[in-house]
Structure formats: structure tokens, C-alpha cells
Amino acid sequence: MGWDLGTRLFQRQEQRSRLSRIWLEKTRVFLEGSTRTPALPHCLFWLLQVPSTQDPLFPGYGPQCPVDLAGPPCLRPLFGGLGGYWRALQRGREGRTMTSRASELSPGRSVTAGIIIVGDEILKGHTQDTNTFFLCRTLRSLGVQVCRVSVVPDEVATIAAEVTSFSNRFTHVLTAGGIGPTHDDVTFEAVAQAFGDELKPHPKLEAATKALGGEGWEKLSLVPSSARLHYGTDPCTGQPFRFPLVSVRNVYLFPGIPELLRRVLEGMKGLFQNPAVQFHSKELYVAADEASIAPILAEAQAHFGRRLGLGSYPDWGSNYYQVKLTLDSEEEGPLEECLAYLTARLPQGSLVPYMPNAVEQASEAVYKLAESGSSLGKKVAGALQTIETSLAQYSLTQLCVGFNGGKDCTALLHLFHAAVQRKLPDVPNPLQILYIRSISPFPELEQFLQDTIKRYNLQMLEAEGSMKQALGELQARHPQLEAVLMGTRRTDPYSCSLCPFSPTDPGWPAFMRINPLLDWTYRDIWDFLRQLFVPYCILYDRGYTSLGSRENTVRNPALKCLSPGGHPTYRPAYLLENEEEERNSRT
């Protein structure tokens, strides 16, 4: 066995050497002006007749591995390397034998991009990469198909190798990061190495770095000698950028700081715009298990083929759906056809008219509901009137919302947010919430709290202890506060005699308690949240109807049931039939 393996290795090496000699001879004939030069495409086809079967000793070698066919440097500028030519041939063959996605654009229209994110801090988890999302989304809006994203360390050789690979494969290459004055900013050097170039000071960049003032910025003026400078307009100021975007061939070198990168790309969109292509997309939300609808999705993709791309993405954290479907096409027609196709085949009622931007569109949706004249709409209108009165009497710095992650205060926060959007759209102050931390909170509740802070752009005022102790601490640390909005309902303990505006009792820290939801019921709260697709704590979908700490909160026995497989489980809180059993979750 060992002798046979050695023999086959030797034979394979001899075969590779023979192909290399043939390649060099054909290249010499071409460069010397042979009469066969006009037949170059045929010559290239002949040269590409490498073994098409997989080699058991080298399974990566052959048509799937274009490295050996890259060709000499003198031909790469003409043909992008024979590896690129081979890949084009392979794509043509695959198109006849494989089901294609809509992302494979029509020949002649396709503009592609590869993104290289540079930085040890990304690979080590020190910094979260947000540039990739922005670059992919923006390029797609410009008609550019992003084919590959790579994250590489601050190493010259590694960056150079990736730049070389990407430059030969894609229309545009965008790098992000590694541009600056420090030792680990090596992107300029790496790109120079990738193209056999050298770093030289550029007069315009030298002037720009001097304008920055101080010392240590000289490194920014050292760019590959073949670099081009692009001066765009800053979308934030309307003024020309002080520092240009540097490019070398088809590689564009962006800063890694997200704020700068976004401004530069917004100001340089014209460099990448592909007017021949406009991508169209649609998102569908399905309240069904992904495995159960997988056959339907496979049939749909096979039915529409190259006309449309269908993606399926499960979401275990959503209150409203289990799977998000994305439909992508270069034309609107296939999207509508696929929507009708899926509507007719997915489980009845599983498509959810979900609004992913419920917080951003809160004002429009909440006030529309308030003006609907429905029973719930009248409750919403009454709550908004109380909130608007409080906004007239107090400034935002004097108000805060009592928030513990429960359903009632979640509804209240959404109402308050909508009213501020409508009445004070230009006020920059973030909304304030008072969070009284319990001794042993649910991790899911803590996560929901953090998500809510980001979602609504909140400032959290944190306190501990009983309500009285927390209000005292709040008053001492934030003396400007005068009123707290509460999600109290009359059915809550000791709340039947409250008014919309109720001062705290004697002996308590002096605050005005504002109660917009006094006349709401358990069903009103859930109808409001679910109709407007307001995110709420996931524990409510697991059988909890009233949330406290882990010591005093259990799933509501009234929601216990059997799953389709016969296992005990719990229905979500919004399906509780008897509202009087709401507090059965508390022990």
C-alpha cells in the first residue's frame, strides 16, 4: 500500500510538471507573435483540458481548484488569470446542471463585490463588526451582488493574499480597517504587496495629513504608487471630504471606524452604482416550525428556479413568528407569484402580517388605533390623553416610566413612546425608565430589559429594595424627577381607588403617580401588544402570566396542556381564558 501511494504521488507530480511545460511553451508562442495568436481562445480551451475527475490523493485538485491555472502575471491583467476564465466556464456548465439561485445574475449585468474586514480586534472578539452589515446592505441597494466576506488579521501577507484572490474574482473589492498611524495599520502595505507595488508618499495626502495637525499621521500619506484618490461629498456636512478614499485597481480601502466608513460609502455611492440591476425583495413571517414547511419551500425554489431566491431563517426569540422567509429577485413579478404560491400551500393562518418596525412606527399605529372607534381604541385614546396631559405638565427630564419588563409596563412604555413621537418629535432627550431590580431576576427578563433599552433608546435609572425604598433612592439621586408613569390597573392589589394622577401617600417620597392604564383589562393589554406587534418578554409565551422574581413566579397551571406529541407543555399567556386566574403565576 505504501509503495502504491508513493508511485501515484510521483505520477501525479510528473503530470503536473508536463502541464506546466505545455503552459510555458504556449505562453512563449503567444508572446513571440505566433500565427496562432488569433486562435487564443481555442488555445486557452486546449490548455484547460486538465483531468476532470477527482483525484483520490488530491481531492481539491482539478476543476474545483483554479490555483494551478492562474497563469503568468503578464496575462492576468488581460484575462483575470486563467483561474477566472476557468471559473467562468464552470459557472456556465453548472447553470445547465444545477438549480441556480436568483443571486446568480444574468451575464453582462452582474456587478460583484468581495468585502475584506481587517482587524485582530474582530477575530479576538474585542470589537463587534457592524461594517459588514452596512456594506452588504448598501451595496445591494446599488445593484451590486456581494459574493464573499472575509475577516483577516493585521498581517501583511494574509491581507495581501486575500486581496489578490478577491481582486481576480470580483468586480469590486472593499477593505475595511487597517488604515491609521499605528504599527498594526498595514492595509496600504498589504495592498501594495498584493499588486507588486511599492509604498510612496502622495503629495495630496501629505498635505491632508499636515492639515490634521499634530504628529504621527505621516503614515497615512504612504500609499501604493499606483493608487488613485477619490474625493466625494460628506453627506452629513455637504462639504468635500478632507481625506480621500484610496483605491488600487479594483480595490477600495475604507476606514474601519464604522461612523467614518458609513459617511465615506454614502458619499462615494457613484463608484459602485450598477444601474442595470435593481434587486427586489419581500419578507414573509410564518408561525410554523421550519421543518414542517421545508418541503413546501423546496418545491417553491424548484418551481421558480433562477427567477427567484428563497431564504428561510428560523427565529426562536420572536413573539409572533417562527420562521422569516426572504424572497429576492431582479423583477417584481416573481415575488408576487411566489407570494401567491406560498399562500396557497403553507398551513392556513400561518402567514403573519408582522411589522418588524413596530417601535419606529409606533406613533402612526397607536394613534390610528386610538381613532378607530373600537372598544380597545377608546381605551388607547383615554391612555393617550392622560399621557399627553403629563407631557404638558412635566418635561421629559421630570418624567420616568416604571418598568420591570412585565406586560403592563411594556404596553405603557409603547404608548408613552408613541405620544412623545407625536407631540415632541424634535426633543433629543431619551425616555427614562425606573427599574427596581429584584433579588433573583429571570435571565430572560434581564435580556428583555437590555433589548428594550436599545429598542426604544432609553436611559435606565436603577434602584433596589421595596417600592418605597426605590423611590427614596430615586429622589436622592435624581432630584429633577417629579412624576412616575405606572402600568397599574384597577384589578391590581390595592389599586381600585386610584386616579389617573395620584400623589404618593403621606410618609412616602413625594412623586406624582401617573396611571394611564387604570381601566384596562388583562385582555386589553394583550390585544394592544399583539395587534401592534409590540415585543414583550418571551416568558409570557412559556406559560407565565404575571412576572416577579424566580422565587415567587411559576407557570400558570391554567395554561397547562399537552403538545401534539403528547408531552406536557404550556400555552402562551395571551390565551388565558379566565382573567381572574392571571395572578396564579405568583406564589
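Numbers here mean position along the shown chain, with the first residue as 1.
A Cβ is built for glycine as well, from the same backbone N, Cα and C atoms used for every other residue.
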Annotation match for phosphoserine in Swiss-Prot, from SER440, SER563: SER563
Which candidate, of SER106, SER502, Swiss-Prot gives the annotation phosphoserine: SER106
For the region 'Molybdenum cofactor biosynthesis protein-like' (114-205), the number of residues DSSP places in helix, strand and coil: 40 helix, 21 strand, 31 coil
CB within-chain contacts under 8 A for SER563 (phosphoserine), separation at least 6: THR569
Rounded mean pLDDT for the residues that make up the region 'Molybdenum cofactor biosynthesis protein-like' (114-205): 97
All-chain count of other Cβ atoms within 10 Å of LYS378 (N6-succinyllysine): 14
